[in-house]
Amino acid sequence: MTKYSIALFIIAFLFYSNAEKNKYHLLENFTNNKSLRCREMNHYFSINIIQFYGQFLEIKLKYFNYFNQFSLECFSNSILSISSITLIPNYPLTLDNNLNLTFETPNNMFINLYFVYIKNIDSNVNIFDNLIRSNYTKINVDFYYSSLEFSISPDLNKTQAIFKNLTDLKFSITCKYNENSSPLLFYKSTINELILSGLSDTLIKKNLLGFERVDNFDIESSIKIANFDFYKIIINRKMLYFQVFRNVRDIYLNGQLKFIYEKSFSNFEKLRLLNINTNRDFKFISENLKFLNFLNSNLSLSVDNTITIYFSFYEFPNEDICLFREFPRNRFLSLSPDYYGTQCTCLNFWLFNNYYNSEGIKLIKDYCSNPEDMDTCNFTFLIRNCDFKLYEAKKTEKSLSDYFYDSELLNLIVSTLTPFVCILGLITNLINIKILKYDMKIFAKQKEVHIMMYQFMFYNSIINFFYCIIYIFHLLNVCISINGVFCLFISRSEIVQYYEIVIVDFLGGILKVLSNILNVSISINRYTTLEKNSFFSKLRVNGLYKKLMILLITIFVFLVNIDRLLTSFINNDSIINDNYIAYFEFPIKNTFTGLFDSEAVPIARSYLARAKNPLYFAIFCINFVVNDFFLFFALTFVDVLLLLKFKSNMSSKNRFFGKKNIGVRIKKNDEKNLRITTTIIVNWILIPEKTCMKCNRKCSLKKRSNVPEKFAWRCTNSTKFYSVKDGSFFQKFKLPILTVLEVITSKTIKLCPIINILIIGQKREVKITYLRV
């Protein structure tokens, strides 16, 4: 043991000179020369040494399936204390006594326990007792991506105390709550501060906390400070259940409130501080003051019962005295400014006067830097001239939480439309690919001059098709507010983050730039069909120059998207104290700090202020300018020229044929195109699939040269053939199908058509090309 301790001390001393190398040796020292179970833990944990008034061990265990897969006794030593333990299983587990928090280290005052992916808490769990016996005086317990579920014991008298002697117990914004939670979770709990974050009652996230009523059983909880972080919720007695919060001393309400039920705080006899941080929400101030009437309403009062109330950021304007004219008098209620030495208003003086007889004068001297101004306030005049119409005209300022919610709501709309748009894009681009592929064969035989335009359209459809496939799976990485309306469990997994970086951002970015370039090329080719001697016609390149241009475009497109790979990082940190105004990403994108830079990238956005590599920022700007500005402007410019040229040509035809005659010709041409489209659709539908008369199996279309149609249905189980006219619109015609179509189309559009029918596989695709005789 002595040799082991000396080795550990030397590694701890040299740790900061070569962190990664020494971390590896540190891991070995905790596993080598120990039990087989300890040696098998190598792939479960990572370990750090942190400097905080001394050196401590910071342990993180992950990738395990059960709590009894590892033993914390493997980290026992006589040199370094353990300051934090982080547990991240592969999937949500029940917190029970399979987790053994027994280990021997030098005495330490504090320890932080971080639990991730806890689906519920067993009623018999007593894992924190070992820490208390180890003389830890400050125990902080945090839950992330967990649920406030509690397995209730059938016999209430056998309920055990779980959270004893905790400094802080925190449920982060990533936790899921229940409106019917069991208050027995806090049976005989002794907690200095309970933090409940992530409460919400909105369209995108409904995550509310409430406790079931338990009769004839005393919870006996002791929570001194209750801290709630929320967005647009209602405070009621079910949330502030008396059995749980009966001994609370300080309550902090942080976020946007919809309403406070008037009797929410009525029975809290030990309440001394109520801090309401409503983000300057005037609507709350004007509609939620009735709860003040029930504070200190059932007590034999003394100055020791004083409840100090803060409305954070509220400036107490004189015109709001109308809202407080029913403020309770002589109840030892101090509605005070945020700071001592504040320049008080008449409303402040009015509220302090209502504190308790003449005791309010002492508060005025404590809080106000201008107590002499009280004599200038005419309270009777202010109250008599109340005008509530002023409050109707006031508008509540939007907070950062409101803007965050608006962005998430927009994200929800986009995410809802994404699958429909992508599926529509897949269908339309697939149709384009099939049609253009066939048309290019025809144009190649006819030596069509503008075949390049159809080639661009063909390649652009292929690119768009693959981009739609890529982007539809981007939804795997979308998380619209954790525990909200749409947030997949795998959205923050490593494989999904890699897909987002490599496939969506990098490959998708390349496809997007190529698609925009092809769109511009298509517009230029369309313009050259109308104006053969235009400037764009001179830009056409062939042969070696064409290959060189394709190579340069490929290199350019690759380079302007390479920053997506080099400046994006996988976010493996599940322990984030996130809130509504923080901006955390999975993965972390656009860091402007590359893979080869020495400084590590933190999980928050603070790194933008100290970005080290301007090259990546320049690449990002070039990508934005080229893809979102230059190519868009070029496409718009060429399309405008195309419209102007088309308008000029139409004017010339009007002058030659006469405006009336050209209008009739255009109308007839439109009717002709409509009839052609209708004919194609009718023929596509009226040639149904064929089923074999003998074996009842589907037939497939095969080429057959001895019939006029050149095709016939053939049974897949035998050599039996059937005519394509059987069971179709053409069954009663003795003439071949081509002849019937010639008659129909000649009579309807007065053209002599040449009809080519191409049948691919089991799907019938009718391609009709009309050539004027």
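Backbone N, Cα and C atoms are what each Cβ position is placed from, and that goes for glycine too.
Listed in TrEMBL for this protein:
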SIGNAL    1-19  signal peptide
TRANSMEM  409-431  transmembrane segment
TRANSMEM  462-491  transmembrane segment
TRANSMEM  503-524  transmembrane segment
TRANSMEM  544-562  transmembrane segment
TRANSMEM  615-644  transmembrane segment
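Highlighted: of the candidate stretches 409-431, 462-491, 503-524, 544-562, 503-524 has the greatest count of Cβ pairs under 8 Å to the transmembrane segment (615-644). Counting Cβ pairs under 8 Å to the transmembrane segment (462-491), the top-ranked stretch among 409-431, 503-524, 544-562 is 409-431. Within its own chain, the transmembrane segment (503-524) has Cβ neighbours under 8 Å at 453, 456-457, 459-460, 463-464, 466-467, 470-471, 473-474, 477, 536, 539, 553, 557-558, 560-562, 564-565, 568, 589, 623, 626-627, 631-632, 634-635, 638-639, 642, counting only residues six or more beyond its boundaries.
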